[in-house]
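Peer 1: After the structure tokens below, expect a handful of questions from me.
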Amino acid sequence: MKDWLQTLPKAELHLHIEGTLEPELMFELAARNDVALPYASIEEVRAAYNFTNLQSFLDLYYQGMNVLYTEQDFYDLAMAYFERAHQDGVVHIELSFDPQPHLSRGVAMRTLFAGLGQAREEAERRFGMSTALIMSFLRDRSTEEAMDVLEQAAPWYEQIDAVGLDSAELGNPPEKFAAVFERARTLGIARLAHAGEEGPAAYISGALDVLDVCRIDHGVRCVEDEALVARLANEQIPLTVCPLSNVYLKVFERLEDHTLPAMLDHGLCVTLNSDDPAYFGGGMLNNFVACHEAFGWDEDAFRSLARNAIEAAFMSESRREQLLAQVAAC
Ligand SMILES: Nc1ncnc2[nH]cnc12
Ligand SMILES: [Zn+2]
């Protein structure tokens with residue numbers, strides 16, 4: 001099954017590029033940029049990845065990305081992930097990035113867009129991979145700062161396929177960012193939000209009603225609200241679920257306890273994604289294999305999940321048709 005899952009053309013819609021930073025590259029970039037790391041070895045970094053909740057992960061995630069400074073660093077980070085994802089049989093990636101922690105360290109906005117943009121072009125050339133770009137706001141920072149980031153990104157709006165909302169969810173409801181997302185809507189930029197990962201089902205409804213999002217990142221706590229489940233099913237709102245992430249962040253104790261099978265039984269539009277593969281046990285293929293082992297899903301089930309992602313993706317209609325045909329032939 002693993003070999004077949006590798007050949008299945010997979011689209012990844014929920015991927016934080018900073019969450020692809022493997023300890024080896026973290027050390028390399030720390031040396032290159034003369035950044036002191038609080039770890040003596042690569043093994044020590046991996047040993048620290050023992051999370052109790054979302055915040056315990058975010059603390060290490062923001063610390064890890066402190067080694068990223070130059071256009072070359074962002075290019076190297078993204079290119080290393082594109083290569084690994086290509087090996088996993090991923091054919092389309094929607095990478096999100098968090099400008100705020102980088103801007104706070106004095107990295108210029110153009111450095112981010114230039115480095116990531118160059119890697120995207122090369123992935124297309126070398127691997128025939130399509131990509132999309134999602135600029136995310138940190139929900140545990142102020143609305144004003146998010147608005148400022150959106151304005152600062154003006155020269156690159158053409159490159160942005162959507163804006164997103166991530167970071168510490170509890171206590172930072174979607175409503176806090178109503179004005180920022182309204183501004184993005186006015187600019188013609190699509191909107192997404194993490195919701196219902198650690199936060200309640202009400203945050204999912206809030207993201208749909210107030211932020212007018214076209215997809216929900218995670219959304220696994222939707223099952224706590226029957227009316228919301230019916231709405232998500234009726235409107236076929238895509239949910240970018242990240243199975244291994246949810247286990248590593250203790251949203252579920254074991255993958256066998258995950259609400260994924262219930263979500264599928266309810267007819268929800270589920271997609272599988274890796275979230276932060278350097279921190280959560282690997283990339284897309286590991287997530288697909290883990291689901292096969294936990295839930296016993298067959299090829300038809302995985303074809304259907306792969307189709308959901310392609311249908312929900314930001315890509316040209318010709319690319320979509322091409323990838324859907326590839327899934328059908330797999
Ligand atoms: N799983 C996650 N939830 C919220 N914010 C994040 N930023 C990176 N990964 C995240
Ligand atoms: Zn995420």
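Placement of Cβ uses the backbone N, Cα and C atoms for every residue, glycine included.
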Peer 1: What does TrEMBL list, out of H102, H194, as binding the same Zn(2+) as H14, H16, D275?
Peer 2: H194
Peer 1: Taking the mean position of the Cβ atoms of H14, H16, H194, D275 as the Zn(2+) site, which residues outside that list, in the same chain, have a Cβ no more than 8 Å away, listed in sequence order?
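Peer 2: Going along the sequence, the neighbours appear as L15, G19, S96, D166, D217, H218, T240, C242, S245, N273, D276.
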Peer 1: Reduce the DSSP letter at H218 (site 'Important for catalytic activity') to three states and note it down.
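Peer 2: In the DSSP reduction, H218 (site 'Important for catalytic activity') maps to strand.
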Peer 1: Around the Cβ of H16 (Zn(2+) binding site), how many other Cβ atoms lie within 10 Å? Please give the count over every shown protein chain.
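Peer 2: So the Cβ neighbour count for H16 (Zn(2+) binding site) comes to 26.
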Peer 1: For D276 (substrate binding site), which of the listed recorded positions (H194, E197, H218) have their CA atom within 10 A of its CA?
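Peer 2: Matched recorded positions: none.
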Peer 1: Could you measure between H218 (site 'Important for catalytic activity') and H14 (Zn(2+) binding site) for me? Cα positions, answer in whole angstrom.
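Peer 2: Cα-Cα distance, H218 (site 'Important for catalytic activity') to H14 (Zn(2+) binding site): 9 Å.
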